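Encoded as structure tokens, the structure appears first; notes follow it.
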Amino acid sequence: MIKFQYQTFRGRTNANLRPFSDSMAVLTSDVVNPQLHPHRTAHSNPIPHLQAQEQPEKSQLPRLLDPKSCIVTLLNCKDVSQIRQVHTQIARSGMLQNIAVVNKLLYIYTRHGALKDAGSLFHSMFEKDAVSWSVMVGGYAKLGDHSDSFRTFRELIRSRTTPLDNFTLPMVIRSCRACSDLRTGSVVHGVAWKNGLSSDHFVCAALVDFYAKCGASETARKLFDEMSQRDLVTWTVMIGSYAMTGNAGEALYLFEQMRYVGISPDKIAMVAVVNACAKFGALNKARQVHDYITENNLSINVILGTAMIDMYAKCGSIVAAREIFDHMKDKNVITWSAMIAAYAYHGEGYASSPWEFLSSTKF
């Protein structure tokens with residue numbers, strides 16, 4: 001187990017937590033759907049910024065008498081204006097005292113990108129549970145506001161009222177990955193280790209992904225080897241990490257190991273394997289990978305086909321690269337660029353230059 005010097009977020013400033021880049025958002029699975037807990041209570045009064053014209057007439061919305069009707073109505077909202085109307089009616093009905101309803105309202109606000117509304121509601125809550133924190137941390141992260149995601153996570157650590165779980169931590173880790181913030185991610189890893197969650201499957205998978213995408217392949221591999229269970233995504237991430245950092249031999253070794261333990265690669269995994277073959281430069285390996293794709297009836301889409309063109313070109317078979325190109329139903333700019341670059345590099349046959357290739361091709 002990797003040991004970390006534990007550092008909490010309590011003493012760190014916002015500047016220290018600010019990500020290097022806000023270029024990516026987190027995947028759609030990062031926001032947790034709140035579950036019904038009608039026996040729990042948690043909220044204060046309604047948010048004050050709702051305008052009078054946003055408050056619905058009684059005929060506009062169904063009467064909200066219980067938590068279920070509140071949640072069903074929220075799920076049917078089409079835009080932020082409707083959510084605010086339902087929010088007002090929920091407040092009038094007294095359902096803001098039900099934490100399940102408030103959590104669902106938080107989730108619906110974040111799902112529609114209304115982070116200001118969600119933040120106001122969140123900070124007005126007297127009591128917050130793990131779902132409340134997860135929704136806010138994940139909501140900020142999903143929309144690319146990683147600074148506020150880190151800030152909210154730090155508030156959770158400081159609050160000492162809600163234990164960390166394997167929903168919130170992966171969201172924060174994915175924020176670190178999205179902005180390539182190795183420093184903050186290492187601190188979050190320390191928090192996970194301190195709270196006994198670093199070996200949890202979801203947390204560990206997120207950490208492997210984080211370290212791999214940040215180029216720390218050795219740390220990612222150590223965590224990967226310590227995992228009791230590895231799914232297809234984790235194998236793909238690890239193979240892709242080695243391919244990205246130039247360790248093609250280890251990437252191809254993991255590909256063989258993945259098949260040995262009974263994990264069947266999908267097209268995304270095969271793109272990582274093909275990229276590793278391109279780095280390896282061995283034509284026999286390229287043909288083995290191509291045979292696997294054919295034997296397992298994996299359709300060659302634009303991404304996989306383009307990667308295979310690049311693989312064959314770098315392994316010395318311009319003919320095989322052209323065959324892949326000709327059989328592709330769909331091609332994009334990157335596909336054409338890969339084929340042109342292959343001819344420019346090899347300069348052989350009837351298309352001894354990129355210009356001859358273009359002139360001989362029917363568009």
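Placed from the backbone N, Cα and C atoms, the Cβ positions cover glycine too.
Automatic, uncurated: that is what TrEMBL annotation is.
What TrEMBL records for 129-163 (among others) is repeat 'PPR'.
Residues annotated as repeat 'PPR' in TrEMBL: 200-230 (among others). Confidence across the repeat 'PPR' (200-230), taken as the mean pLDDT and rounded to a whole number, stands at 94.
The repeat 'PPR' feature in TrEMBL is assigned to 231-265 (among others). Long-range contacts of the repeat 'PPR' (231-265) within its own chain (CB-CB distance under 8 A, at least 6 residues past either end) are made by residues 205, 208-209, 211-213, 215, 217, 220-221, 224, 272-273, 275-280, 285, 292, 296.
According to TrEMBL, the feature repeat 'PPR' maps to 301-335 (among others). When the repeat 'PPR' (301-335) is classified with DSSP, helix, strand and coil residues number 26 helix, 0 strand, 9 coil.
In terms of DSSP secondary structure, the repeat 'PPR' (129-163) contains 27 helix, 0 strand, 8 coil.
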